[in-house]
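Note sheet for the following structure.
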Amino acid sequence: MDPLVIAGTSYSSRLLVGTGKYKDFTETRAAVEASGAQIITVAIRRTNIGQNPDEPNLLDALPPSQFTLLPNTAGCYTAKDAVRTLRLARELLDGHSLVKLEVLGDQQTLFPDVVATLEAAEILVKEGFQVMVYTSDDPIVAKRLEEIGCVAIMPLASLIGSGMGILNPWNLQIIIDNARVPVLVDAGVGTVSDAAIAMELGCDGILTNTAIAGARNPVQMASAMRKAVEAGREAYLAGRMAKKIYQASPSSPLEGIITSTSNTIANN
Amino acid sequence: MQLTINGQLQSFDGQMSVQQLIECLSLQDKRIAIECNGEIIPRSKYPEQILGEGDQLEIIVAVGGG
């Protein structure tokens, strides 16, 4: 066993998945199951008043009794809105305090506003929330968020929903090396190799939504993503070979190679 | 009585509790959380909390998101 431990709770899966952008809740459920994820993110939104009282509810498809729900603050552009959203989420989920904080700073790039994120994190930690925080890949900001008391640091690999992959493995490596809480890549994973690369670097986990929901076959991609995260983790633990730049090294023994004693080679 | 619910102005007859409002909106048995004038209303307080003229309510649910 090699569990992911967040705020004292152990999880066997290192893949966290989002629940947005699926065709319907049946597909969401099937993809979540195929991913093996135990922690799944949800968004908090105003309910439709007076419209279709029989409208299916996400929490019926993915009940909190079976999954650890991670309410997010997607779409919040101020610390105040993010804090308010998570207070409502805590009430909705019967006092559940593990949350994903994100405070965005720009509608085009969805880059996090790290100043507002720090501000919100401080308030939420004081109020007893266990904060998993989405941030840029700035190692100093990551450190500050950890010092505030966030239980996991979740730097972007590239822009939310872009699928552009790991753009700056060097910064991620610095964040991983310096962190004493789990580091999860959140945002930017486009396909399984991106997840594997992040895990090989030593990330503790991956959070992805669009890479799965946006695939032609989301359920199959969810299954593939599960394997990639597991494979990347195992490779990290196994410790990769050293890279030897411009230095070939044969895998087969040099002794006993069949060599010709003359320069004559039979025609065949 | 007028209430602003999720940003929309709505009229109701007479005074009512949060619980009565929920029933009026057919939201009973739904997984929701409610904020009134910026304060969270704990579920246990729904029957006793009486709404007042002009109250601003937010009623939220969980939806798919990343």
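Glycine is no exception: its Cβ is also placed from the backbone N, Cα and C atoms.
According to TrEMBL, the protein carries these features:
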{"type": "DOMAIN", "residues": "A:6-253", "note": "domain 'Thiazole synthase ThiG'"}
{"type": "ACT_SITE", "residues": "A:LYS100", "note": "active site, schiff-base intermediate with DXP"}
{"type": "BINDING", "residues": "A:GLY161, A:ALA187, A:GLY188, A:ASN209, A:THR210", "note": "1-deoxy-D-xylulose 5-phosphate binding site"}
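Ranked by how many other Cβ atoms sit within 10 Å of their Cβ, the binding-site residues A:GLY161, A:GLY188 place A:GLY161 at the bottom. Spacing of A:LYS100 (active site, schiff-base intermediate with DXP) relative to A:ALA187 (1-deoxy-D-xylulose 5-phosphate binding site) is 13 Å (Cα to Cα, whole number). Taking a C-beta cut-off of under 8 angstroms and a sequence separation of 6 or more, A:THR210 (1-deoxy-D-xylulose 5-phosphate binding site) has the following same-chain neighbours: A:GLY18, A:GLY20, A:LYS21, A:ILE160, A:GLY161, A:GLY163. Long-range C-beta contacts of A:ASN209 (1-deoxy-D-xylulose 5-phosphate binding site), restricted to its own chain and to partners at least six residues apart, with a cutoff below 8 Å, comprise A:VAL17, A:GLY18, A:THR19, A:GLY20, A:LYS21, A:THR41, A:GLY161. In sequence order, the recorded positions near chain B (CB to CB under 8 A) are A:ASN209, A:THR210, out of A:LYS100, A:GLY188, A:ASN209, A:THR210. Taken residue by residue with DSSP, A:LYS100 (active site, schiff-base intermediate with DXP) is part of a strand.
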